Every structure is written in structure tokens, then in C-alpha cells.
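Please read the structure below before turning to the comments.
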């Protein structure tokens, strides 16, 4: 048969499946298009967590992991598991980049500043990585100051007190906590530089709220009505800021939410906001690569692996045209992560980024920029592209707020866009796969605490085939199977590096 054109991959970010309707935004929302597709089109479910996406068993997936696996067409071993194993086996302490960092700081008589996520969420960082790094550096005789980034998003919203207590009790002699900062301030990815400045002012200059210790900082924030994600940058004890000769080590192993704060702390020529005088760092280390720009002023403990013949690269190598579209919050995922960590577009790859709305939290505007995404998606479907990849951010980003009604509104807005896309694909004679990278908004109440659930889930996600071959069925699978499925629809062979299997069964 003639290959359909275009073939569209529509990713409903954070749209999981759960049988129970209670606090299930996906089930409770009015989504006539999604419901019709599930009732009339071939569909199945995908696994998005644990070893099926290269993570430790039981570890929930996330957008970076999901899009990396989708684009690779194979299970990609993720940094969380690799770092866990290095710590367990003792090779972390001998990591060449870490040893070089310690030597440089020691030679200058400086202090090592460690910034990391203080939770066991495992999406951007992990408290055990932070503790392990403190132990290694302190054992070398270098003083350590920790910049504790509280989570409340990939874990329960008010769990930071316990994690901070755990960290404080694990600290060896010569190590202390210098600041406590909610990730809202320190881990922005949408150029909200007013937030980032507040975080860097605390780390660089000791400016912000004050507290005697880290546990007291969390308690004071809660008394101010701030849950963990939003804890105002707080300076602990006698901490006064960073000095010339100090070193800085960022322990985040996911790039997107580390880039801005690191640029503010050390990027030469940085001018997005007034940083004040920055120290002459003796060493500036990252757990992973954050971008080619960051590589110019940072060293890396665990450089990224090269993923050859991703979906985008393979499609480009056959002289075909492709289009990527998302709003700001998920734009890196349909470009950088889907392309295996490559910044530069492939030949014939066009992109569009809709600007995410400038609101404090997305429950205030649950439609986000989905209408703009939908407009450009429908336009692209009619423009002769061979492959289109689109991400709707709403179910995930609004799901993270814990607001059920807003999450329902988010799903309804996405469903409207999905309806427009389905009709455009039908008119163009194309085909579409509708799926998600992980779950989120299908669970809005924590079953253990009864409070808001703001994290991702390990629930299965849907995969639906629209406009596929007559009589086709879909089997259950995992995210790595999506690229081979798209290639089959496009009539392209599968590169040998892709070990995923097409989900289409005749």
C-alpha cells in the first residue's frame, strides 16, 4: 500500500490510564475525541517506567526518559541507574572528573558547593547521590556546603522536612547546608529569570530568607503557606555566599531544569539578570552534560552516550521532511531529547515552539498554549511533511499542580486539539499514533495521604492507531516500540540499532 502522509506522533504528556474514576482527570474530563478513538480505533497500552525505559525497577518515568526512548527506538539505560550502580560499586568515588574537581578546589583552599534535589523522586536528582558526593568530597578534606533544592513535585508536596532531616543526619564533619530553595526558583526552564535570580542570589551572596537550620527553614516556609516546591530561597545559619577559589558541583542528572541556574552561576557573558559579582570558581562540575554551551564552562562526571540512528536521524537519512512542535515547557523533549541529545536539527527537520504562558502555576491557565500548538499542527499536517511529532504539555504540567478541576480542563483543551488534528489527518490521507510518555493527571489524589498527588505515575498509557492499515491491530508494548511503528507506517526499514518492535499486528 502507499504510505500515508503525513505520519503524526501525538504525545499527550502525562495522560495515563487508571480504572478508578475518583480523582482521575482523564476519566472525569469531557473528552469526546479521545473516547471515540478508544472505542473505534486499534489501541493498546504501553509501559513507561522501570527497566522498560532504562530505569531502576519501580522508578516512575518522566518526559526526558520517555522522549529519549521514543526517539531511540530502543531501551536507553538512563543516568539514574548508571549513577546508582557507580555508587553501589564504589566507582563513583574514583570518577576522574570528580577527582579532578576535588583536586582543583583543594589546591585553592576553597569550599565545594553541592547543589542537588533533596528527595528520592529520581526524576532530576536523588538525595542518595547528594549524600554520596558529600561523603567522597568531605573525606578528601575539602569543606562542603550544600544548596538543598526541595522537590514537592515528583514526591509528596510536603515531604521536604523528612528529606532535609535525613540529609542533615547523614552529613559528615566538614559539611553543612548553606541554603534551602524550592525547585520553583532554582529549576526553572522557561526563562523566568526573576525566579532564577532569587535562587542564585541565595547561593552566591547569602541573600534571602534566614533560618537557623534546614529543618527550621522548611517549617517556616510551611507556616508561610509555601509547600516544598515553592520554598522561598532561604539562607541557613552563618552562610554568607561563595568565595573565589570555591568549586561548584551540580548533581542534577537531567538537563532541562539545570541549565538556567548554572548559566546564572557561571556562564561567561551571562546577562539575563544582574548576578552581582560571581566568584572565580576553581572548578565547575556537572553530573551530566547539560548542553554544548554549558560544556564550554563546565566539566562532566558522566558524559552523555551517543545514540545513533534515532527516529529523526533515520528519517532525515532517507531524504524525508519532518516537523516538531510543542510549547516551551516540552519543546526540548520533542527536539533535543527525541533526537538523542543532539541540539542541532536534522536535515529537513523544521520546528515550532509556542510560548508557554507566563503564569505562576499552570492551574491558573490550564489551556496553556495548546490552541497555538493545535493551529500550527493543523497547518503542518497540510504542508507535505512526512513525519510530524507534537507534544501537548497540559495534562502533565497542570497535573503537577495537584488541582483536579484544572487538570480536567487541561485534558478537555487537549481533546479539542486532538479532534482538530484527527480531522486534518483524515483530510490529508495521513495516519496518526496517539500516546503518552508517562502518566500523571489520572491520579490527582495521593491514596496514602489523601492530599494532592503531584508526581508522575507508573500507570500504563494509551497507544491508539488512527488511519492505519485496514484490519490492523496493536499489541501492548513499551515506548521503545513507537519509532519502529512509525517507520512501518512510513514504509521505511528499521535501522539495526533500533531493537524495539512495531506495535502493529495484521
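Just so it is clear, glycine is given a Cβ too, placed from its N, Cα and C backbone atoms.
The model shown is predicted, which means the values in this text are computed figures rather than measured ones.
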Recorded substrate site member, picked from 183, 324, that accompanies 124, 153, 154, 189, 254, 255, 256, 257, 330 in Swiss-Prot: 183
One of 318, 456 listed by Swiss-Prot as binding Mn(2+) 1 at the site of 396, 400: 456
Residues flanking the Mn(2+) 2 site, with Cβ no more than 8 Å from the Cβ centroid of 13, 63, 437, 438 and excluding those residues themselves: 11, 14, 48, 61, 62, 66, 67, 330, 333, 391, 396, 436, 440, 456
Pairwise Cα distance for residue 438 (Mn(2+) 2 binding site)/residue 257 (substrate binding site) [Å, integer]: 18
Other C-beta atoms that fall within 10 angstroms of the C-beta of residue 189 (substrate binding site): 19
In the chain carrying residue 396 (Mn(2+) 1 binding site), residues 6 or more apart in sequence that have Cβ under 8 angstroms from it: 13, 14, 63, 330, 438, 440, 441, 456
Fewest other Cβ within 10 angstroms of its own Cβ, chosen from the binding-site residues 13, 437: 13
Count of other CB atoms lying within 10 Å of the CB belonging to residue 124 (substrate binding site): 25
Maximum Cα-Cα separation in Å among residues 124, 153, 154, 183, 189, 254, 255, 256, 257, 330, which the record lists as binding substrate: 17
Residue 400 (Mn(2+) 1 binding site): nearby binding-site residues from 189, 257, 437, Cα cut-off 10 Å: none
